[in-house]
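**Q** The following feature annotations were taken from TrEMBL:
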- 226-271: coiled coil (COILED)
- 474-501: coiled coil (COILED)
- 567-604: coiled coil (COILED)
- 1-54: domain 'YhaN AAA' (DOMAIN)
- 354-372: transmembrane segment (TRANSMEM)
- 378-394: transmembrane segment (TRANSMEM)
Amino acid sequence: MLLDKIYLGAFGKFKGKEIDLRQGINIIFAENEGGKSTSHAFIDGIFYGFSKDSLKAKRTDELYEKYKPWQGSDYKGYIELIKDDKYRISRDFSNNSIEVLNLTKGTNISNLAIFKKYSRIEEPGLYFFNMNRHLFHSTFYIRQLESIIDEKASKLLKEKISNFITSNDEKINYHYALEKLEEDLDSYGKPTRTKTKIGSISKRLEEINKEELELDDKRIEYFKGLEILKKEESALEADKKNLLAANIRDNKDLQRQIKSIEEKIINEKAKAVSINDFQQSVGLNREIKKDYLQIDEILHANYEVFQIDEDMERDFEDLKSYKEKISELNSVNYSKEMEFLSVDIRNSEKKRNFYLFMSLFSILISFLVIYLSIKFHLYPLFISIVFISIYTYLRLVKFRVNKELVERLKVRMEALKNLSIQKTAKKKNFDRLFNQLTDKYHKKDIDELYNFLKEKVNENDKNRAINEYRKEKSKDIIEKRDKLNKEIEDLENKLNIIFEKYEVTSLRELKDKYENNNIFDLEKSLALKKDLYEKTKIENIKSEEITQTDLSIKEINSIIDSRKLKISTLKGQINLLETSVNKLKDLEEEKDYLIKELEKVEFKRAYTELAYQRLKDLLLENRNKMLPRLKSKIEEILGRITKEKYKKIIIDDNYNISLYDDENEKYVSIENLSRGTIDQLYFAFRLSLIQILFTDNLPIILDDHFANYDDTRLEMALDYLRDYKQLIIFTSNKREINMLNKMNVDYNLINLR
């Protein structure tokens with residue numbers, strides 16, 4: 001397969017950038033920050049869409065945001081490649097949609113199911129490279145800094161080789177899974193280790209067994225108590241039958257008692273307050289109270305007049321007036337006008353002084369000309385006297401004008417000062433008035449006072465309106481009040497009729513008379529007597545229920561009371577024992593639960609132990625199968641790129657790596673190798689992966705991979721790579737270009753500037 005063309009339509013800093021590639025070595029050169037890594041990442045983006053493996057949602061990694069275009073909303077591009085036929089893969093990153101065209105056959109294969117095998121974001125790389133993004137990054141696609149080795153380089157390389165040997169992927173660490181299974185086994189533990197899951201459950205089961213032994217005696221005592229209680233309750237039933245037999249003897253006396261109670265009830269009813277009269281009087285009293293309450297409400301509504309705070313309204317009007325006057329004073333800026341006037345005075349004084357000076361100077365010149373004309377007989381000079389005199393006159397006129405102007409300005413200045421003083425005095429007076437008002441109403445400032453007074457004035461306006469409304473409604477209120485008074489009078493007359501009937505003067509007396517009668521108690525007693533009579537009637541009692549007893553009712557009741565007390569004591573003891581029995585039941589339930597949990601944990605432990613052993617065997621099998629091939633391939637490549645200095649390696653059971661140094665004839669641990677040699681070893685390892693895992697001749701894509709190589713190492717690496725069908729090297733320096741020129745190797749140079 002060959003990459004033929006890269007077109008960055010809108011990606012990172014690029015817009016409409018086209019890169020033509022060919023078979024063999026391709027050097028894509030750019031200065032630092034010139035877009036080298038951006039175009040390198042574009043290849044990953046087109047084939048795999050910066051996707052994360054997820055079939056639930058479209059998820060991308062941090063590179064998606066990193067390479068969004070700097071300007072505009074477009075985020076797209078395409079790659080053309082040759083794999084038997086010619087294809088174009090176009091991707092719109094903004095909505096993660098793709099279009100895959102077979103340009104040779106003119107067909108659209110964008111909907112191949114394999115594109116969405118691992119992610120909701122289409123990954124054409126699965127089809128064209130026959131590998132997922134993870135494996136692509138581990139083999140053909142080598143990003144910037146992946147070959148730079150720090151102080152932990154040897155450990156990192158050791159881990160990558162160990163991962164590949166056991167899992168065929170340098171980035172998948174099955175040893176970690178093995179360690180995790182080991183940790184799980186340790187957490188499950190054994191019965192003797194009380195801090196583990198199995199140990200803690202086993203310990204609790206032992207504790208439950210001990211508690212069950214302690215509570216077992218109380219359970220026996222509990223059931224014995226139940227048997228005794230059952231016997232006592234049976235004996236109580238027998239005592240009740242004896243009481244029944246004794247009551248039969250007193251049946252005639254019971255009949256006499258019933259007749260006496262019935263007569264008492266008739267007498268009580270004759271003088272008792274009837275329930276209808278009592279309920280009617282309660283209802284009448286309730287209606288009277290209701291009407292009185294309505295009258296109170298009417299009187300309150302009628303005569304409650306809202307107070308109008310006129311003093312506060314006057315203060316509010318004064319405050320508004322003060323604020324308006326302050327606003328007027330603030331609108332006049334005497335200070336600014338005085339400042340401008342001061343500037344005018346200074347300028348006018350300068351002009352005045354200048355004209356005075358020029359006038360005096362002109363007079364002096366005139367005298368000098370006269371003196372010179374007379375002394376040296378230069379009489380024609382007298383003509384100049386005329387012009388000098390005219391000039392002097394004009395300067396004097398100007399001087400006088402500016403002098404008058406200065407005087408007028410000073411008069412104006414004095415007037416402004418007086419006005420400013422008056423303004424200040426007025427403001428101080430207003431401040432004093434404001435302070436008086438704020439102190440009067442306990443407010444912090446004028447704005448708070450203004451809002452407060454305004455609210456109160458509005459409240460006064462509302463109260464005035466309400467007062468007016470109530471005044472208008474007063475006539476209706478009086479009529480309603482009179483109507484209620486008439487209704488109360490009628491109700492009280494009806495109530496008084498009931499009071500007279502029962503010779504009482506108040507509802508309380510009527511209530512006492514209604515409640516203080518014996519009818520209820522007598523009827524209750526009558527019902528009990530009749531019930532007892534019915535039970536003790538000979539015809540209502542079965543013959544087998546009648547027992548012979550010589551005991552009196554009092555003696556039988558005493559026996560029954562004693563037996564009830566004994567039963568009550570037994571129930572108390574049983575209730576106390578029941579707590580222990582319930583606890584024993586809870587312990588049995590907990591024990592059943594823990595036994596099931598122990599079985600589950602032991603099953604998980606056995607399952608985990610089996611998984612641990614099988615994974616361990618699998619890793620050993622993979623090691624025995626893959627290690628010889630990988631070791632042989634690394635030795636082959638390493639020998640070529642180090643000029644046969646290192647052509648033998650040893651990888652022990654702990655994946656410690658040593659290289660045989662032909663020059664010194666000894667094995668050197670990877671920890672003791674130079675950084676450059678470790679870099680070469682990693683390079684050989686990556687190429688070995690490609691040759692072991694893939695038979696297809698796919699492009700190798702490198703981003704500044706040789707930054708740490710010296711010239712010799714670079715030459716050997718390029719010499720080895722020259723045989724690959726297509727090599728794409730992204731670089732920010734010209735070392736690769738210079739070396740290929742030195743080696744006289746043909747290559748395709750693309751400059752990104």
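Cβ atoms here come from the backbone N, Cα and C positions, even for glycine.
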**Q** Determine which residues of the chain contact the transmembrane segment (354-372) at the Cβ level, with the cut-off under 8 Å and only residues 6 or more beyond its ends counted.
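**A** That would be 378, 381-382, 384-385, 388-389, 391-392, 395-396, 398-399, 402.
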**Q** Summarise the domain 'YhaN AAA' (1-54) as counts of helix, strand and coil residues per DSSP.
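**A** Residue counts for the domain 'YhaN AAA' (1-54) by secondary structure: 13 helix, 25 strand, 16 coil.
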**Q** Give, as a single whole number between 0 and 100, the mean pLDDT over the coiled coil (474-501).
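**A** Over the coiled coil (474-501), the predicted model scores a mean pLDDT of 78.
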